[in-house]
Amino acid sequence: MIVKSLSLLALAAATVEGCVRERDVGSVDILSVLSKRGHGHPHLPHLSKYESMLINSFDNTTVDSWAYYYTHGIHIAGTNQSMAQWTADKWTEFGIPSSLVSYDVYLNYPVSHSLSLTHPDGTTWEASLVEDVLKEDDTTSYPDRIPTFHGYSASGEATAEYVYVGRGQKVDFERLIQLGVDLKGKIAIARYGGPFRGLKVKNAQDQGMIGCIIFTDPADDGNVTVANGLKAYPNGPARNPSAVQRGSVQFLSMFPGDPTTPGYPSRPDSPRKDKSPVVPKIPSIPISQLDAQPILAALDGHGTPGKEVNRTRWVGALNATYATGPAPGAKLSMSNVMRDTYTPIWNSIGIINGTEQDEVVIIGNHRDAWIIGGAGDPNSGSSIMVELAKAFGKLQKAGWKPKRTIVMCSWDAEEYGLVGSTEWVEEYLPWLKASAVAYLNIDVAVSGPVPDLSATPELHKLALESMKKVIWPYKGRQDTTMYDVWNTASGGEVGVLGSGSDYTAFVHNGIASLDTGAGGDGNTDPVYHYHSNYDSYHWMATYGDPGFHTHVAMGQFLGLLGYHLATDDIIPFDVTNYGVQMTKYLDVLKKYIAASKFPDLDVSKIESAICSFNVSANAVAKLQKKAEHNVHDQQLRKHLNTIYRDFGRGFVSQGGLPDREFYRHMLYAPGLDTGYAPTTFPGVTESLDAGNRTRAVEYIERASNAIYVAAGILSSCHDCNQFVAQE
């Protein structure tokens, strides 16, 4: 999830890395803009009794205590059933009956690894591959702390000359080939950022390379660097130079979940398929900027200098020219030993029964982390989920009964490839298709002060209205709303969902979804140590969110969303916004086509389908107004809720996208060469990228048909046209 709030015009260039967005709002001085608007308490909409009770139920002291618990015990996927049970027990204690749902999945764990550089003169240098122990940060010294490694990486050894491949995108490799760089049989060294890390490894593998090293570059830290005079963590907000980003290298753009059970749940007796199409065959190792420095410097003067490569973000901020190499006689030797296993994982599932059994709202966060801590990813969200359970419990004691059933989920094994949530969706898909109204996801709830939002279009209006009800503690201010800060930082644009967190399986089964969190501005806020030992309770309490006040505000926002989706008589969807957003997606597609090999490609079928959708959506909006005024017409309200629940299923096409049938939504999907960042009308754009006109025409047809199906569901309300005529 990377570009802060995704500009539609930048979709093709957008890139994503991990569960957090790659932000760049440094050109916007948020605090200055807010200050110019004046002080004083913001005008808040009237809050209902239950809204006020919900908001007032969140307490920073108890959130702090939940965060401390989650960040002081190992909880890499499949290793801590007691933490899953503790979560279920806490939810139950607060009035939400909860239990564990387990799956037996393929995972792998690190045994040993090494990396060394041999110079042409025969001298050698050994990489540390270890993050420094900090006396100020207790969990960095735990004896069972997790080594630096890549989940789903291949075991293997490799010794060879090496090539710097930039961010490891396909276009980076294409540029290297243009420059005459021999890649086959070499080891790749790539910097983080851009495509999902697994695709960096895949792209190297596809070029015949035999290993891949991925490092973190300080150029991605904006102005918050030691070079700019700031101190490194723990003494200041800059990145600790020994920090290493762990993470999965599954080929996420192909499909998420257990690589051995695509399309069906992983039970002990489930048949297993070959995992090789979606996991690497070559070894990979993540390293720190400290370890990367001598490796890059050894390439200076060999191959093409970085500035002459002419690729975006090729040159970083380390003391090297970022030359391509290879350097004759300079070789890397790498060893990576992993233990493959099938192991149980545990989802904690809690249920608040509603009065309408065929309408369900799901709220989820993953619990597993690559490190002991995980204070931001994911346990800022986990602590909020416990506090949300407490808040919902208080509402129930006060007499609240939701109209729709609420299912709360604490997922396991998200980090390996959205495994826990995907297996659960695959098991319960018939029920979800028949009942699910929406899925709300919170992953990295807090890693900084700037709120962020991505959602399917029907949820935009509810989200923005809810933001205006939450006081946002931006850098100590108490006179501004969440909406004010978000709107200033994002320009008012809600992001498009691609992949990278647990909403993925819901989106691609046509279920309305939303993902939210808060992070740094990418330029001036303290650097977030993503997937590092330094994503710790100490970092969060000192730099990320001292006092845990942003946690509280984010929990209030999530609570309001869940409350209204579960309680409002009419599901609070804005279906007309789907037409607005599809028109924007189409404008992007037209520009993409104009720059392609087939500029004459006709998209009039999509235009006609969107027009048909708009007619149906506008008719339903009129019906909603009628139902709101006629509170006694429960039949009409039920019809409206049914079509609101179901219309999104229409955008899902059987067979999915070319060569990746898991991704079935015809309007958006993770980019084939990004892994996380979204592409709109993906079947068409991928066909254009492949130079396949016939297939592009096919996916124009399939996309337009999907839009017509969704429009038809909106029009399926009994005598809808008659209702509109009576208006």
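From the backbone N, Cα and C atoms, a Cβ is placed for every residue, glycine too.
Since this is a predicted model, take the numbers as computed values, not measurements.
Take the CB of N60 (N-linked glycosylation site) and look out to 10 A: across all protein chains shown you find 18 other CB atoms. For N60 (among others), the entry in Swiss-Prot reads N-linked glycosylation site, with the evidence type sequence analysis.
As annotated by Swiss-Prot, N-linked glycosylation site applies to N80 (among others), with the evidence given as sequence analysis. Within 10 Å of the C-beta of N80 (N-linked glycosylation site) we count 18 further C-beta atoms, all protein chains included.
Here Swiss-Prot flags R197, T516, G517, A518, Y530, G675, Y676 as substrate binding site. Of all the Cβ atoms in the protein chains shown, 26 others lie within 10 Å of the Cβ of T516 (substrate binding site).
Its own atom aside, the Cβ of N223 (N-linked glycosylation site) has 14 Cβ atoms within 10 angstroms in the protein chains shown. What Swiss-Prot records for N223 (among others) is N-linked glycosylation site, and it gives sequence analysis as the kind of evidence.
Sequence-distant neighbours of E426 (Ca(2+) binding site) (same chain, 6+ apart, CB under 8 A from its CB) are G257, T261, G263, Y264, P265, A505. Residues or ranges marked as Ca(2+) binding site in Swiss-Prot: T261, Y264, E423, E426.
Annotation source Swiss-Prot lists N-linked glycosylation site at N310 (among others). According to DSSP, N310 (N-linked glycosylation site) is assigned to coil rather than to any helix or strand. The C-beta environment of N310 (N-linked glycosylation site), restricted to residues of the same chain at least 6 apart in sequence and closer than 8 Å, consists of R175.
Taken from Swiss-Prot, the feature N-linked glycosylation site covers N319 (among others), and the record attributes it to sequence analysis. In the three-state DSSP assignment, the secondary structure recorded for N319 (N-linked glycosylation site) is coil. For N319 (N-linked glycosylation site), the count of additional Cβ atoms within 10 Å of its Cβ stands at 10 [all protein chains shown].
According to Swiss-Prot, the feature N-linked glycosylation site maps to N353 (among others), an assignment based on sequence analysis. With a cut-off of 8 Å between CB atoms and residues at least 6 apart in sequence, the same chain places T405 near N353 (N-linked glycosylation site), listed in sequence order. N353 (N-linked glycosylation site) carries neither a helix nor a strand DSSP state and counts as coil.
Taken from Swiss-Prot, the feature Zn(2+) 1 binding site applies to H366, D443, supported by similarity to another entry. Residue density at D443 (Zn(2+) 1 binding site): 26 other Cβ atoms are found within 10 A of its Cβ, drawing on all protein chains shown.
Per Swiss-Prot, N-linked glycosylation site is recorded for N614 (among others). Taking a C-beta cut-off of under 8 angstroms and a sequence separation of 6 or more, N614 (N-linked glycosylation site) has the following same-chain neighbours: T576, G579. Taken residue by residue with DSSP, N614 (N-linked glycosylation site) is part of a helix.
Annotated N-linked glycosylation site per Swiss-Prot: N692 (among others), in sequence order. Under the DSSP three-state reduction, N692 (N-linked glycosylation site) is assigned to coil, being neither helix nor strand.
Of the recorded residues, A518 (substrate binding site) and D443 (Zn(2+) 1 binding site) place their C-alpha atoms 10 Å from one another. Note on proximity: among N223, H366, E423, the recorded positions of the record, the Cα nearest G517 (substrate binding site) is that of H366. In the three-state DSSP classification, R197 (substrate binding site) falls within a helix. Nearest neighbour of N60 (N-linked glycosylation site) by Cα distance, taken over the recorded positions N80, N319, D443, Y530: D443.
A C-beta separation below 8 Å, combined with a sequence spacing of at least six in one chain, links E423 (Ca(2+) binding site) to Y103, V105, G257, D258, T261, P265, S266. Within 10 Å of H366 (Zn(2+) 1 binding site), counting C-alpha to C-alpha distances, fall none of the recorded positions R197, N223, Y676, N692.
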